Amino acid sequence: MTATHGGGCEDARPDKDYTNKTGFKNDAYQHDRDSNDDIVKPPPLPTEEDMYASGKVKLSRNEKWRILKNVAAVSAAFMVQFTAFQGTANLQSSINAADGLGTVSLSSIYAALVVSCIFVPTFLIKRLTVKWTLCLSMMCYAPYIGAQFYPAFYTLVPAGVVVGLGAAPMWTSKATYLTQAGSVYAKLTDQAVDGIIVRFFGFFFLAWQTAELWGNLISSLVFSSGVHSGNSQNTSNTLLTCGANFCMIGGGHHDNRNLHRPPDSEIYEISAIYLACVVVAVIMVAVLVDPLSRYGEKQRNSDPSRELTGIQLLSATAYQLKKPNQQLLIPITLWIGMEQAFIGADFTQAYVSCALGIRSIGYVMICFGVVNAICSLLFGSAMKFIGRFPILFMGAALHLGLIVWLLIWRPNPESPTVFFVISGLWGVGDAVWQTQINGLYGVLFRRNKEAAFSNYRLWESAGFVVAYAYSTHLCARMKLYVMMVVLLIGFLGYMVVEILHKRKALRLKAIAENPAAAADAAMQPPEEDDEKDEIDDEIIITHL
């Protein structure tokens, strides 16, 4: 609102200043005033610029629909993006098996991602904002898919490094966007923040995991329609080398005709389709997603005293590692990377390709993706009703049972249904980790979301690197034993975090209900609460 001076008639009475400190003069009110009182217009309402200057964001209740649109747009863009990448990655251990090229290139992705997680996300987000960091990072996936036209160590490995450098800021930006949008949505709808954040992550991973369906469907249809579609028969002795007995060491796998590389023309056709998907995904984010400044990002960066140097941003990410909750979550985060690497590389090569052929990889992984997507949505909503611990306990028990099954099972092409059952059940377990652990990071470290999710990606990527690094040096049986140990240690660490979280909630509740305890707590030096985001106090909800 701006001040306007009306055109009232002037009279012969002496001029008098009708302005005070709480308003401003308007001559149109002169003849309506009482002779003893000054008539003053009320002060102007704050403008949008004033709200930003004061560190506040004004939103109406109807903003929740726009938030849902943004969450849907981010989720759809990642679905299209990972239709390309997941489809490519699932084939690497089979189509580029010579000298371990495929797994080495995948290892380079996650090795670069580990380095990137330490300093790139916070630095890039501060400079480009969340939205444009997403766009730039997603474009980094294009060179790796393009390198499939000429696969070699000097093309795939450098392209993998570029993917790794872009992946860390991309995932951190996504997690920051969903967490901040979830916090605002919770305030708009008067719901619990942790439930909304987990629900948003559940919806995101529903869309993201369907990428397994579309990416593998594309590769399966292309392979099935080509000359490689014929099924090669192997002897019973060859099949004995599949499953837990599968080893890249010694070269015995070369006798298996199912593991031979498909024709280049089919691989080129698949790669061209995947490249187009990456471009479409970037356009979707650029056009459909609102900047996070709409929900407080500008306030977070507006104070010059909060602007950190590159060294300080690196220090903030590294400082996150000193927090006990973060340290306890490292093993379970490592497990998440290792189990994804196993299903995408070791299971597809040692079990599916070895027994059924490369053409069957897509169909088996479609089952993984569909079940994973459905369970991501289911577990994201179920957490509100049954809590986080029962879901995570179920996921740990399921994966432990699957590892034992894979140790004793002998793959047989005459029983293809078993491959789909194992793939689907693995998808159930993966959905548990993806939704619940992401949501747990968002709840425990809301104050420092960028640093927390950088650490999440760092340790998840370390899990990928470890799994891919020993992929060509260990037999499948030993890999399963290693994964079993990491799972048990990781779940134990998570249980300690859950106990500490419950104790803290009970302590704060006791302080709130006891005035004496509250007074004593007020006398103590204030401690930083990672679960409280100060940006929450800068969101104003209007009833428009």
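Going from the start of the chain as shown, residues are counted 1 onward.
Placement of Cβ uses the backbone N, Cα and C atoms for every residue, glycine included.
The following features are taken from TrEMBL:
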type     : residues : note
REGION   : 1-52     : region 'Disordered'
COMPBIAS : 8-19     : compositional bias 'Basic and acidic residues'
COMPBIAS : 28-40    : compositional bias 'Basic and acidic residues'
TRANSMEM : 67-89    : transmembrane segment
TRANSMEM : 101-121  : transmembrane segment
TRANSMEM : 152-171  : transmembrane segment
TRANSMEM : 267-289  : transmembrane segment
TRANSMEM : 360-379  : transmembrane segment
TRANSMEM : 391-408  : transmembrane segment
TRANSMEM : 420-444  : transmembrane segment
TRANSMEM : 480-500  : transmembrane segment
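Listed by sequence, the residues of this chain that lie at least six past the ends of the transmembrane segment (67-89) yet keep a Cβ under 8 A from its Cβ atoms are 106, 134, 138, 141, 144-145, 148, 163, 174, 177-178, 181, 184-185, 188, 200, 203-204, 206-208, 210-212, 214-216, 218-219, 270-271, 273-275, 277-278, 280-282, 284-285, 288-290, 295, 344-345, 362, 369. Only sequence-distant pairs (6 or more apart) were considered; of these, fewer than three Cβ pairs between the transmembrane segment (480-500) and the transmembrane segment (152-171) are under 8 A, so the stretches are not in contact. If one looks beyond the transmembrane segment (391-408) by at least 6 residues along the same chain, the residues whose Cβ comes under 8 Å of a Cβ in the stretch are 243-244, 339, 347, 351, 379, 382-383, 422, 425-426, 428-429, 431-433, 436-437, 476-477, 480-481, 483-484, 487-488, 491, 494. Tertiary proximity for the transmembrane segment (101-121) is limited to same-chain residues at least six positions away from its ends with a CB under 8 Å from its CB atoms, namely 89, 91-95, 133, 144, 151-153, 156-169, 172-173, 310, 313-314, 317-318, 337, 341, 345, 450, 453-455, 457-458, 461-462, 464-465, 468-469, 471-472.
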